[in-house]
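Per Swiss-Prot, these features apply:
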- 2-218: domain 'Glutamine amidotransferase type-1' (DOMAIN)
- Cys85: active site, nucleophile (ACT_SITE)
- His192: active site (ACT_SITE)
- Glu194: active site (ACT_SITE)
Amino acid sequence: MRVGVIRFPGSNCDRDVHHVLELAGAEPEYVWWNQRNLDHLDAVVIPGGFSYGDYLRAGAIAAITPVMDAVRELVREEKPVLGICNGAQILAEVGLVPGVFTVNEHPKFNCQWTELRVKTTRTPFTGLFKKDEVIRMPVAHAEGRYYHDNISEVWENDQVVLQFHGENPNGSLDGITGVCDESGLVCAVMPHPERASEEILGSVDGFKFFRGILKFRG
């Protein structure tokens, strides 16, 4: 399975994601911000980092690059797309997932391990979990607080993917830290599954996100 890992100026988690995708058994390849055709890929991951230095706001400039038009085409072709941290912010900016990820309630960079509850298993990335399973992954962001004007609609549509369990470190509405589109194929999560994919890192809970992509495609 060929999985694209998108690189923007300022991305810094692309090599980590590429490494974990290889461990999961995928065939990852780097994709640059100016590529206009991704038809040869089976799925895409938009990794974390600080695309374009987070100027204007996190993800705002990356959202208008040529590669994001190609990502929209992949979505129309019903191929899975995962955005992690800055990647989640980018997906929200382009409107592929509901709501926004904005400045933390305390205006500081938040970097810590968190406990999370998996709220839906209908996405390719959470299909190997059980609903309401509690997992452990780290977060690292300054603009990760989730907000939506009509949060009841997000819950009713089963679009909440991850929710903080216990402590809500950034003030996200309802503790939400991961959402998906209505199809479940586009998933945006602020925690870093690639940083929780090997025993030496302290958790392997995140590895299921990447194995799930392969399982989804059979």
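Just so you know, glycine gets a Cβ as well, placed from its N, Cα and C.
Features per Swiss-Prot, on structure.
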{"residue": "Cys85", "record": "active site, nucleophile", "CB count, 10 Å": "30"}
{"residue": "His192", "record": "active site", "CB count, 10 Å": "23"}
{"residue": "Glu194", "record": "active site", "CB count, 10 Å": "28"}
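Cα separation, Glu194 (active site) to Cys85 (active site, nucleophile), rounded: 11 Å. Taking the Cα atom of each, His192 (active site) and Cys85 (active site, nucleophile) are about 7 angstrom apart. According to DSSP, His192 (active site) is assigned to coil rather than to any helix or strand.
Mapped onto three states, the DSSP output places Cys85 (active site, nucleophile) in coil.
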